[in-house]
Amino acid sequence: MVSLKQLVKNPLKVFGAGTKAGKGFRPEVFDSHVMTTYGRFPLALTRGAGCRVWDDQGHEYLDFVAGIATCTLGHAHPIMVEAVTQQIQKLHHVSNLYYIPEQGALAQWLTEHSCADRVFFCNSGAEANEGAIKLARKYGHTELGIDEPVVITAKASFHGRTLATITATGQPKYQKSFSPLVPGFHYVPFNDGDALEGAIASLNASGPRVAAILLEALQGEGGVNPGNVEYFQRVRQLCDQHKILLILDEVQVGVGRTGKVWGYENLGIEPDVITVAKGLGGGVPIGAMMCKSSCDVLGPGEHASTYGGNPFVCGVALAVCQTLESENLMANASARGQQLRQGLLKLVDAYPELFEQARGWGLINGLVLNGDAPLTSLDIVKAAMNEGLLLVPAGPNVVRFVPPLIVSAADVDEALKKLSKAVKILS
Ligand SMILES: *Cc1c(COP(=O)(O)O)cnc(C)c1O
């Protein structure tokens, strides 16, 4: 097994990555066959190693997107290569009609490393949130005697692209064109305890209606906006007082990214339900909904997924989770995150007309544009790409940095240099 040190020192050699680029890619053929649901950059990535990826022309990029906070161990990590290879040779898919030992082992890891007691496996973040919404509704019916349970969510949140999760998402831009939305949701401003208390009071005025509150510990897509400790303490207390479930959407921040296993560990509270996906599989599609035994209300036949928790994804996800611990990647996320934020803050100081602040936890960080800046986050992302650095916007005013958790101090320095150069050219 290759050590993290070797990996960071010489990813190309360690991974044995070749130099041949996948030439011959034709974007016009792609565009005439794939739906236009994504605004794509004119870039075809064909190979990766560590924190670097290469396009079909052989150009190298430092990858601070990581499949949007997904490639926890970077690209072609030897542990992932081995886990994928071993599992596909052994058994890759069977139905949940049977016991799947790898699923049990991953559930055990997740419950031993969180406040949750039980896990349901699915394939994505949206699907994990769908499961949590179903669990909340059943809890509302059976435990609180509510006919039409309401789930409160936050403005500027993001919970996925299915019908229920775009409804849960407190951003009209994701909802327009898709009415009628799903009933049973109510929105409050994020980090505002009074607003939440008021909403519960008015919704519950003539008997209980609120079954759950669904929040991100740190709003990712909505602008890398961390939850506030006092706010979350108050949310927890209001939930206890009214027997409301607190569901935390940890799809973007869970599994080590914030320097702790879970985002909620930064807030000093425990949720009743946790949803997770992105970083869990390191890039293989897996999601999970976890809950405390006190609200484990779904029974046989009430929820299911054909692919959910199959041996392949669970075997790989377990290897990712074990590597988080064995390679001390949470400590790396904290240290490299601090280094990155310090660099970003220098940039904020150097260009006050462009930037307002830099914020985040561990290795999820946002560079926030000044309200009067003549640029958008997309302009910065494009300029950085020209310098060989991949970044992703989090809304029009925030540039997001979510590199693999194996990122080295040298990678962070290099990213900051490339970004400074890009900003200099733009300004
Ligand atoms: C990405 C994301 C989702 C949706 O996950 P998918 O796997 O794309 O369905 C949900 N919630 C949060 C917080 C996310 O960042």
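Backbone N, Cα and C atoms are what each Cβ position is placed from, and that goes for glycine too.
These come from TrEMBL:
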type	residues	note
BINDING	Gly125, Ala126, Phe158, Asp249, Glu250, Val251, Gln252, Thr306	pyridoxal 5'-phosphate binding site
BINDING	Arg161, Ser305	N(2)-acetyl-L-ornithine binding site
MOD_RES	Lys278	N6-(pyridoxal phosphate)lysine
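Among the recorded positions Arg161, Lys278, Ser305, the ones whose Cα sits within 10 Å of the Cα of Gly125 (pyridoxal 5'-phosphate binding site) are Arg161, Lys278. The recorded positions listed here (Arg161, Lys278, Ser305) include Lys278 as those with a Cα within 10 A of the Cα of Gln252 (pyridoxal 5'-phosphate binding site). Taking the C-alpha positions, the distance from Lys278 (N6-(pyridoxal phosphate)lysine) to Ser305 (N(2)-acetyl-L-ornithine binding site) comes to 18 Å. Neighbour counts of Cβ atoms within 10 Å were compared across the binding-site residues Asp249, Glu250; the minimum falls on Glu250. When Cβ atoms from all protein chains are considered, those within 10 Å of Gly125 (pyridoxal 5'-phosphate binding site) total 27, not counting its own.
Here the binding-site residues are Gln252, Ser305, Thr306, and the one ringed by the most other CB atoms within 10 angstroms is Gln252.
On a Cα basis, Arg161 (N(2)-acetyl-L-ornithine binding site) lies 13 Å away from Val251 (pyridoxal 5'-phosphate binding site).
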